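**Q** The structure that follows is given in the form of structure tokens.
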Amino acid sequence: MFQTAWRQEPVTFEDVAVYFTQNEWASLDSVQRALYREVMLENYANVASLAFPFTTPVLVSQLEQGELPWGLDPWEPMGREALRGICPGDEARTEKEGLTPKDHVFKETESFRLMVGELPGNVSQHLDFGSSLEQPQGHWIIKTKSKRRHFTDTSARHHEAYAVKNGEKFEKLGKNISVSTQLTTNQTNPSGQISYECGQRGRYFIRMADFHRHQKCHTGEKSFECKECGKDFRYNSLLIRHQIIHTGKKPFKCKECGKGLSSDTALIQHQRIHTGEKPYECKECGKAFSSSSVFLQHQRFHTGEKLYECNECWKTFSCSSSFTVHQRMHTGEKPYECKECGKRLSSNTALTQHQRIHTGEKPFECKECGKAFNQKITLIQHQRVHTGEKPYERKVCGKTFSWCGRFILHQKLHTQKTPVQA
């Protein structure tokens, strides 16, 4: 029997990533976009768990922050080089097979769906089980028209794929597996292949786990919970990043000021403080923002949209993080603890601000007089001394104030009842 030598290659995120251009992304509906986000982030978490050192891909950062996951067109020279979405030799093969660039993209997308468990139109033409080859135990081959990859059981559990033979047997590298003993099925798709069908979208999946994962797109279920603070996440990759907060580790340092941050995404956003970059502009008022999440929150001020309502006091919030922190006022929960003095706080922001008392850090400096502060809100209030701005006005007497605290104190003087004379 023919022998073949196997070469081990580390799995990278690019091996399982699918990129869309702006036009292609616009053609997807909301459910397809949600499924794409879920699968990309889960695949990133799987690759990251292999412990190969690499920084977070731009695509993953975009998806985690709710940004639009398109940028450079992979069919332009600069985009192809930057995204590395095509393997060497694919361009020549595309021309040889008479495929247009977009045909190639959708062939890659279809092959990708197979790798994550979704059935494409015809499974058999996308897999090479190598029945004539003697293959090492525990290894899989996944072959598409554009690339062939070799994985081990340890490095590619999430790439498990099966092909259907005569509607009765599944084959995995030449080993027959009985449907009745290895896979419980509930539907037969239009091509006669046994699978799991989504009732809402009519999609078919090979594995039950992929079917249940897809259904979370419809229910919005969050299944990954932090054991430290109880916060839950839709994606495991977000949970992994969040857990760094509790460890206190800040491995990403800013070269400008030396500040340490817990993720490279946070570092990118922090660096915009130094560069002044604000890439997110509101079309309603023209205000620009350095963070996409803050930009999305700002837009809700124009629309009046408030997605989160407290069942205790019926107060509504446009931001989930503000809603979560607010709920802790009712429950008394304080999951964040200061390692210096043991004080517990209800939010990570409050913990960060509190820690500056111990470190003496004052990162917010007034450009007018050079005075520094440990909280941004204190800097904003101080700047009103220079600008003369007094945004808080008492309508009864017309008096104005630059600080909210002084305004509230003044209001109490008006509302205070005069003692009744005997």
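From the backbone N, Cα and C atoms, a Cβ is placed for every residue, glycine too.
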**Q** Do you know which of 12-34, 58-80, 104-126, 196-218 Swiss-Prot annotates as zinc finger?
**A** 196-218
**Q** At a C-beta cut-off of under 8 Å, are there same-chain residues at least 6 beyond the zinc finger (364-386) that contact it? List them, or none.
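**A** Contacts of the zinc finger (364-386) (Cβ under 8 Å, skipping residues fewer than 6 from its ends): 353, 356-357, 402-403.
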**Q** Taking a Cβ cut-off under 8 Å, which residues six or more beyond the ends of the zinc finger (392-414) line up next to it in the same chain?
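**A** For the zinc finger (392-414), the list is 381, 384-385.
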**Q** Let me spell it out: take the zinc finger (224-246), skip the flanking residues so only those 6+ beyond its ends count, and list any with a Cβ under 8 Å from a Cβ in it.
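**A** Contacts of the zinc finger (224-246) (Cβ under 8 Å, skipping residues fewer than 6 from its ends): 38, 41-42, 44-45, 48, 60, 64, 216, 262-263, 265, 324, 333, 335-336, 348.
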